[in-house]
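Engineer: To start, I am sharing the structure in question, which I have written as structure tokens.
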Amino acid sequence: QGFILLDDVACVGTELSLLDCPHSNWGQHDCSHAEDLGVRCSPESNTVMDGSLGPPVRLVDGESTKEGRVEVLLNGQWGSVCDDDWTDRDATVVCRQLGFSGTAKARAMAYFGEGHGPIHLDNIECSGMEHTLEQCARPDTRIRSCWHSEDAGVIC
């Protein structure tokens, strides 16, 4: 159910991330859910690499797959990111994590509409060089006073 995000993935096997493999543009496909695939890992050959992507990130309610409200999957629930200290550097990292390159623009004040789930992250501070949003989280990322009217967004 839901969106089909990747198609034509062609990994060699040495990549640290699925997004490091050649693939079609994010969200562009000629598939149906009858072609969904899965993976079964055996304990003997499955190792967790330090360069993992961290919690999944998605863009919601944009006009294309390259823009939208930033949402993160934590504890099995999609939630938004507060726009406190949200900058183009943060947006660059989100876009990079999603497989986009080039200029990225931060959008604040629920530019892409208000989210409905929890607000998972606040006070994100990226240098712009990180590979995942998780790498930008400050040690103290408790949500203090943030509302969905402050949901962060990006345009990749």
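Each position is counted from 1, following the chain as shown.
Any Cβ shown, glycine's included, is placed from N, Cα and C.
From TrEMBL, for reference:
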type	residues	note
DISULFID	C11-C21	disulfide bond
DISULFID	C82-C146	disulfide bond
DISULFID	C95-C156	disulfide bond
DISULFID	C126-C136	disulfide bond
DOMAIN	1-42	domain 'SRCR'
DOMAIN	57-156	domain 'SRCR'
Engineer: Nearest by CA distance to C82 (disulfide bond): which of the disulfide-bonded residues is it, out of C21, C95, C136?
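Structural biologist: Spatially nearest to C82 (disulfide bond) by Cα position is C136.
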Engineer: Tell me the Cα distance separating C11 (disulfide bond) from C156 (disulfide bond), rounded to the nearest angstrom.
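Structural biologist: Distance between the two Cα atoms comes out at 24 Å.
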Engineer: Tell me the Cα distance separating C95 (disulfide bond) from C11 (disulfide bond), rounded to the nearest angstrom.
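Structural biologist: On Cα coordinates alone, these residues lie 21 Å apart.
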Engineer: Would you report the average pLDDT that the model assigns to the domain 'SRCR' (1-42)?
Structural biologist: 76
Engineer: With DSSP as the reference, give the number of residues of the domain 'SRCR' (1-42) in helix, strand and coil.
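Structural biologist: The counts are 6 helix, 0 strand, 36 coil.
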Engineer: Can you check which residue among the disulfide-bonded residues C11, C146 has the largest number of Cβ atoms within 10 Å of its own?
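Structural biologist: For the disulfide-bonded residues C11, C146, the Cβ with the most other Cβ atoms within 10 Å is C146.
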Engineer: Using a 10 Å radius around its CB, how many other CB atoms surround C21 (disulfide bond)?
Structural biologist: 16
Engineer: Calculate the distance in Å between the alpha carbons (Cα) of C126 (disulfide bond) and C95 (disulfide bond), and round it to a whole number.
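Structural biologist: Just about 12 Å between their Cα atoms.
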Engineer: Tell me the Cβ contacts of C95 (disulfide bond) under 8 Å, same chain only and six or more apart in sequence, or just say none.
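Structural biologist: Listed in sequence order, they are K66, S101, G102, A104, V154, C156.
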Engineer: Only counting partners 6 or more residues apart, tell me which same-chain residues put their Cβ under 8 Å from the Cβ of C136 (disulfide bond).
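Structural biologist: Non-local contacts for C136 (disulfide bond): D90, V93, I124, E125, C126, S127, E130.
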